[in-house]
Amino acid sequence: MKYFKGSFVFTFICLGLAAVLGYNMTGTLSGTLSTVFICAILGVLEVSLSFDNAVVNATVLRDMSPLWQRRFLTWGILIAVFGMRLLFPLIIVGIAAHLNPISALKLAIEQPSQYAQILSGAHIGIMGFGGSFLGLVGLKFFFNAEKDVHWVAYIEQFLTKFSRVQSIEVVVVLLSLLGVAKFIPNEEALTFITAGIFGIIVFVLVEALGVLLEKENTTTTVAKAGLGTFIYLEILDASFSFDGVIGAFALSNNLFIIVLGLSIGAMFVRSLTIMLVQLNTLTKYRYLEHGAFWAILALSGLMFASVCKEIPEVVTGLIGAAFIILALLTSIRWNKLNPDKTK
């Protein structure tokens, strides 16, 4: 429980703020309790549907120094709360409705239904960007000649053969974008492909940044490499949360309730990530990392598919959790069959 002390404190603060917000909006006890309940439900849903996010975060965070791991909890949660849960929706609405951030914020406060409608209307572009970025993250893991541990052996061994083809993962994502675009109207297809290309560009730039920082032979190399990995981790975390930010409007159209609820979930996911790293869980369960990257590919595919047909957030979360659970069970079985090789 020591890993979650900060998360519980953060939760009580958020629920307290939700209570104040609820009372100011309704002036009644029932309205206050209802607001707190919705905030708590949003937090629980965010945690329960983000186990794959925590495992993937851990695969990146384990290679970072303890200092940057702490910054992931402190700086990272500020970025997650104010950047992804507050500013990101405002920027999306501002772009879609040609408003500045202040006007978008006023719209969220004064006309929350219209705000939610505009944000939901940006679904295609958001899914194009997030699906492309996550697709590249997942494919990079499998198109790796140095990968010698395979979970779904036949498929994963087959994929490693293509690792010698330069930028094969980019080709696969581009072909996927073009394939999905065939099934949606031309105007939406243009938005989808453009957003997807931006997702690819961001992935390549972040990868390039990491390589450049690691190659510098200076006394600040470790710090700079940590910064590059931190940026990559934050973009990865943001890509996971796209559907959650939009899906939260099914429970409430109040921006601040959504921010508080999703922030609770984000804090617990970060604490879970730290626990997985410090307990060396990924080493103890050899296929857990594989399950997480299969979950990433599944989420990427579902993001692409959702532009053609609505897919509930619960479905995407459960599919990701299923991969994690199967990988964990398979790892436990392998440990029992190979006790001499278990670390």
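Keep in mind that glycine also has a Cβ here, set from the backbone N, Cα and C atoms.
Keep in mind that what you see is a predicted model, and the values were worked out from it rather than measured.
As recorded in TrEMBL:
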- 32-51: transmembrane segment (TRANSMEM)
- 72-98: transmembrane segment (TRANSMEM)
- 118-143: transmembrane segment (TRANSMEM)
- 164-184: transmembrane segment (TRANSMEM)
- 190-213: transmembrane segment (TRANSMEM)
- 225-249: transmembrane segment (TRANSMEM)
- 255-279: transmembrane segment (TRANSMEM)
- 291-308: transmembrane segment (TRANSMEM)
- 314-334: transmembrane segment (TRANSMEM)
I'd like to know if the transmembrane segment (32-51) touches the transmembrane segment (255-279) in this structure, counting it as a touch only when three or more C-beta pairs sit under 8 Å and are separated by 6 or more positions.
yes
How about long-range neighbours of the transmembrane segment (314-334): same chain, 6 or more residues beyond its ends, C-beta under 8 Å?
45, 48-53, 55, 151, 243, 284-292, 294-295, 298-299, 302
Does the transmembrane segment (225-249) reach the transmembrane segment (72-98), going by 3 or more CB pairs under 8 Å (6 or more apart in sequence)?
yes
Where else in the chain does the transmembrane segment (164-184) make close Cβ contacts, counting only residues six or more beyond its ends and a cut-off under 8 Å?
124, 128, 131-132, 135-136, 139-140, 143, 145, 192-193, 196-197, 200, 204, 304-305, 307-308
